[in-house]
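The next block holds one structure in the form of structure tokens; read it before the comments.
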Amino acid sequence: MAGSMAGITAVICTYPLDMVRVRLAFQVKGEHRYMGIIHAFKMIYTKEGGFRGFYRGLMPTVVGMAPYAGFSFFTFGTLKSIGLAQAPNLLGRPSLDNPDVLVLKTHVNLLCGGIAGAIAQTISYPLDVTRRRMQLGAVLPDSEKCLTMVQTLKYVYQQHGIRRGLYRGLSLNYIRCIPSQAVAFTTYELMKQFLHLN
């Protein structure tokens, strides 16, 4: 619960920056709607309803955090437990802080973290697509059909289907997500040992 609340707070505080980043990244050569970061902030504020304009797509982001974090930690914990129970000599080693406790070897930690990230990303990805679509709202010609999270999910599904709509770009996202989660879980496990938490 504490981790979820910290994540939600961080997202709420930094969401306007993500909105501007997405808008600037979406611009194509020759069609610059925004002249830079400050100009993008001013335009979104004046043309899209003040501060509310910066938070288009926040709901799918917050809603998507719960399954992403939940499935990520659940998958990692399950893989870790099964691995240490089924093949302790092959996959485990004594903890640095408590030799009576077995922990996963570093390369196994990386593998389990990557798998956990891939599964969590696959489950929560349609909400990420929804968030991006809503963030681009005013820039896209069909923005009036993507005002709420449910409207956007339905619209993307009806127009593009599951594979080319709700999961479009997932393979590219794996390139970022899998190594990121692998390193995050491995760092988490190592820090538990360094802080004598095993």
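Cβ atoms are placed via backbone N, Cα and C, with glycine included.
Database features (TrEMBL):
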- 1-82: repeat 'Solcar' (REPEAT)
- 104-194: repeat 'Solcar' (REPEAT)
Whole-number mean of pLDDT values that fall within the repeat 'Solcar' (1-82):
86
DSSP-derived helix, strand and coil totals, residue by residue, for the repeat 'Solcar' (104-194):
78 helix, 1 strand, 12 coil
